[in-house]
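Chemist: Sharing a structure below in structure tokens format, with a few things to ask.
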């Protein structure tokens, strides 16, 4: 699995409300979260499909 996918979900420090997806290593699924728009980490994908492709979800 891509190491970025193992990072914890991080909403970032800003207050925008961007719908994004992250890989939840506990459920082994890509799940929706609201991204604040800045900072955060690499476990942050614009689409569920992109998250699933990068993180190897089947």
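Heads up, residue numbers simply count up from 1 along the chain you see.
Placement of Cβ uses the backbone N, Cα and C atoms for every residue, glycine included.
Checked Swiss-Prot, it gives:
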type     : residues : note
DISULFID : 5-55     : disulfide bond
DOMAIN   : 5-55     : domain 'BPTI/Kunitz inhibitor'
DISULFID : 14-38    : disulfide bond
DISULFID : 30-51    : disulfide bond
Chemist: Compared by Cα position, which of the disulfide-bonded residues 5, 14, 38 is the closest one to residue 51 (disulfide bond)?
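Modeler: Nearest listed residue in space: 5.
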Chemist: Among the disulfide-bonded residues 14, 30, 38, which ones place their C-alpha within 10 angstroms of the C-alpha of residue 55 (disulfide bond)?
Modeler: 30
Chemist: Under the DSSP assignment, what numbers of helix, strand and coil residues are found in the domain 'BPTI/Kunitz inhibitor' (5-55)?
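Modeler: Helix (H, G, I), strand (E, B), coil: 10 helix, 15 strand, 26 coil.
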Chemist: Which residue, out of the disulfide-bonded residues 5, 14, 30, 38, 55, shows the minimum number of other Cβ atoms inside 10 Å of its Cβ in this structure?
Modeler: 38
Chemist: Would you kindly give the Cα-Cα distance separating residue 5 (disulfide bond) and residue 14 (disulfide bond), rounded to the nearest Å?
Modeler: 22
Chemist: How long is the line from the C-alpha of residue 30 (disulfide bond) to the C-alpha of residue 38 (disulfide bond), rounded to the nearest angstrom?
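Modeler: With the alpha carbons as reference points, the distance is 20 Å.
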